[in-house]
Amino acid sequence: MDWGSILNNTLQGLLTPTTLAFSLAALGLAMHFGFAGLLNFGIAGFMAIGGYGYAIAVLTFGLPWWAGMLFGIVGSIIFALILGIPTLRLRGDYLAIVTIASAEIIRLLFLTTAFTDVTGSADGLFGFNTRTDGSGFQNANPLPAGSYGAGPFTYNEQTLWVLIFGIIMLVVGVVLLWALMRSPWGRVIKGIREDEDAIRALGKNVFAYKMQALVIGGVYGAMGGIVYATFANVSPGVFVTSLTFFIWTSLLLGGAATILGPVIGSILFWTLQAFLTNVLSEVAISGILPVSTTQASTLRFVLVGVGLMLLVIYRPQGIFGDKRELTFVK
Amino acid sequence: MSNNASPQKSTDLHIGAAVPGCQKKDPILVADHIKKTFGGLTAVDVEHLEVPKNAITALIGPNGAGKTTLFNLLTGFDTPDTGTWSLMGNSLSGVPSFKVAKLGQVRTFQLTKALGLLTVLENMKLGAKDQKGENLLTALVPAIWRKQDKEIEVKALELLSRFKLDAKKDDFAASLSGGQRKLLEMARALMTDPVLVMLDEPMAGVNPALTQSLLDHVLDLKKQGMTVLFVEHDMHMVRHIADWVVVMAEGKIVAEGPPDTVMKEQAVIDAYLGSHQDTDLGEVTGRIKIIKDGGQA
């Protein structure tokens with residue numbers, strides 16, 4: 001077993017565009033579930049709308065990259081409103097059912113061949129980050145071509161530009177969420193998580209607050225999808241239901257009702273994923289485990305599932321959560 | 001703090017005979033033709049009800065009489081089939097519950113709703129009305145809301161010390177005992193500066209020692225110029241603090257009057273003992289004795 005390359009690949013997992021994209025989405029889920037108590041199992045749908053919105057705006061409407069991103073965000077706001085108006089008046093578990101279904105509807109709409117011209121169907125969309133007219137995201141890259149960093153953290157100018165953009169978005173996102181949650185607004189949101197009738201009896205418009213929380217979390221999800229789209233193709237195969245559960249795992253790992261928890265949780269999750277991918281395939285090749293390398297790479301998802309279960313049972317508050325704050329124990 | 005001397009009762013509240021639906025000299029809440037059916041069951045069918053201002057009104061009646069349903073209807077938590085009602089002249093029909101609370105009519109719940117994973121102080125601060133920082137945009141600029149938040153905190157701490165909860169201010173509300181949660185819920189309701197406080201079974205599940213302090217708090221509300229309407233099964237408490245008693249049975253108001261006289265009315269006795277004709281009124285007095293001994297009926 002080549003421990004050097006395993007270590008190298010694992011360390012790379014610490015800072016990748018994927019980690020940043022999923023951290024943003026996990027922050028959105030923290031807003032939804034951790035703070036407002038909205039059981040959203042459709043975060044992949046919000047990400048899809050962000051990513052596809054950006055790509056479609058650039059490719060079909062010819063918008064510059066920043067306007068394309070705004071288009072994706074506006075799309076997620078509209079999606080949140082459509083989702084929220086009928087469901088937010090219902091009990092929380094209904095929202096879970098509706099969100100998981102609507103995320104699938106979104107994905108199938110992008111997959112269907114009916115809109116191939118716009119969505120690219122199963123192939124997805126690509127080539128929207130570099131545009132011949134110079135309006136693409138990579139065209140705006142101020143970094144000269146070359147290799148940056150050292151060791152496992154070596155990036156070309158394109159990846160580094162994505163990382164810089166992603167980190168800026170993540171930092172802005174963390175600061176905004178922190179500023180919101182320490183304010184009286186955040187207090188109302190947390191109160192709604194605990195008991196919305198009590199908050200209603202104190203004269204707060206619970207529906208409006210829940211809607212605001214749904215929209216804000218949705219925008220974070222969309223930003224996750226957009227950051228993802230700045231370095232990868234968007235395709236229906238990405239925004240699947242299991243993506244939603246990866247983000248849930250990241251969130252619960254870090255702590256649902258915390259600000260930094262989702263970020264650290266995502267980093268740990270994706271680093272662990274990188275580690276498992278490498279270790280399991282090495283183990284399979286060296287014959288320690290009687291499985292093929294393909295089977296070995298699926299095995300990590302089994303382990304993720306087991307990990308999620310253990311986490312929810314034994315440490316529901318996550319790594320950063322307050323010990324007294326057992327979100328699942330009521 | 002004990003206030004065992006008989007509290008000052010407000011008298012002479014009504015106009016004419018003390019009959020169901022009688023007029024009050026100075027009503028704060030007036031309700032007409034309130035009807036609510038659940039399928040074939042008529043839960044509430046109140047022809048006319050006036051709640052006197054700056055007095056303590058008790059709403060009593062056997063289980064299933066529709067007391068809590070009437071509470072839910074009056075506070076906008078449920079919508080009646082028919083009916084109109086108004087608070088100090090402002091119509092509340094069809095007004096959503098949060099606006100009812102904003103107008104000064106605040107309620108508590110039969111099953112206490114403490115916000116478990118918020119601290120006691122946060123619970124209290126949530127009660128304050130018109131907070132600048134509760135708007136999504138202004139929330140981002142602490143300069144706008146910090147000063148007001150400090151004032152709210154001072155008021156909350158003052159109320160907490162009055163309710164003997166100040167030592168618990170940084171604890172999660174989930175860690176409080178059942179009785180302390182009742183106190184917290186009442187204190188939190190007071191943060192909204194209400195004019196009409198509606199308490200749904202404030203004494204349910206509270207031990208006798210705490211009952212006494214809760215009673216004092218309810219009497220304090222009247223002293224401070226608020227009006228109280230409460231649902232209660234404990235006749236001892238009703239007799240002790242209520243200025244006016246409204247008796248409900250099977251959704252209707254069957255009797256009204258000052259506590260001493262209304263308890264003697266045949267309709268009230270029927271309502272409470274109707275299904276147990278073989279047990280006499282002694283049962284009721286026996287229950288009072290049990291509570292005095294420190295037990296819970």
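Yeah, the Cβs are placed from backbone N, Cα and C, and that goes for glycine too.
What TrEMBL lists as transmembrane segment is A:12-31 (among others).
Annotation source TrEMBL lists transmembrane segment at A:38-59 (among others).
Residues 42, 45-46, 49-58, 98-99, 102, 106, 128-129, 135-137, 139-140, 210-211, 214-215, 217-219, 221-223, 225-226 of the same chain lie 6+ residues outside the transmembrane segment (A:65-85) yet bring a C-beta within less than 8 angstroms of a C-beta in it. Taken from TrEMBL, the feature transmembrane segment covers A:65-85 (among others).
Outside the transmembrane segment (A:94-115) by six or more residues, the chain places 38-46, 48-49, 52, 79, 83, 86-88, 121-122, 124, 236, 239-241, 244 with a CB less than 8 A from a CB of the stretch. What TrEMBL records for A:94-115 (among others) is transmembrane segment.
The transmembrane segment annotation in TrEMBL covers A:160-180 (among others). If one looks beyond the transmembrane segment (A:160-180) by at least 6 residues along the same chain, the residues whose Cβ comes under 8 Å of a Cβ in the stretch are 15-17, 20-21, 23-24, 27, 30-31, 137-138, 141-143, 148-149, 186, 216, 220, 223, 227, 230-231, 259-260, 263.
Look at TrEMBL and you will find A:213-231 (among others) tagged as transmembrane segment. Beyond the transmembrane segment (A:213-231), the same-chain residues lying 6 or more positions past its ends with a Cβ under 8 Å from any Cβ of the stretch are 17-18, 20-32, 35-36, 38, 40, 43, 45-55, 69, 72-73, 75-77, 79-81, 83-84, 88, 128-129, 137, 158-159, 162, 165-166, 169, 173, 177, 180, 189, 192, 238-239.
Non-local neighbours of the transmembrane segment (A:237-260) in the same chain are 22-23, 25-27, 29-30, 33-35, 41-45, 47-48, 51, 100, 103-104, 106-107, 110, 122, 124, 174, 177-178, 181, 190, 225, 228, 266, 268-270, 301, 304, 307-308, 311-312, 316-322, 325, 327; each lies 6+ residues outside the stretch with a CB under 8 Å from one of its CB atoms. The transmembrane segment annotation in TrEMBL covers A:237-260 (among others).
Feature annotation from TrEMBL assigns transmembrane segment to A:297-314 (among others).
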(message) What residues elsewhere in the chain lie close to the transmembrane segment (A:38-59), defined as a C-beta under 8 angstroms and at least 6 residues from its ends?
(response) 21, 25, 28-29, 32, 65, 67-69, 71-76, 79-80, 83, 88, 92-93, 95-96, 98-107, 110, 118-119, 125, 127-128, 131, 135-136, 210, 213-214, 217-218, 221-226, 228-229, 234, 236, 238-241, 243-244, 247-248
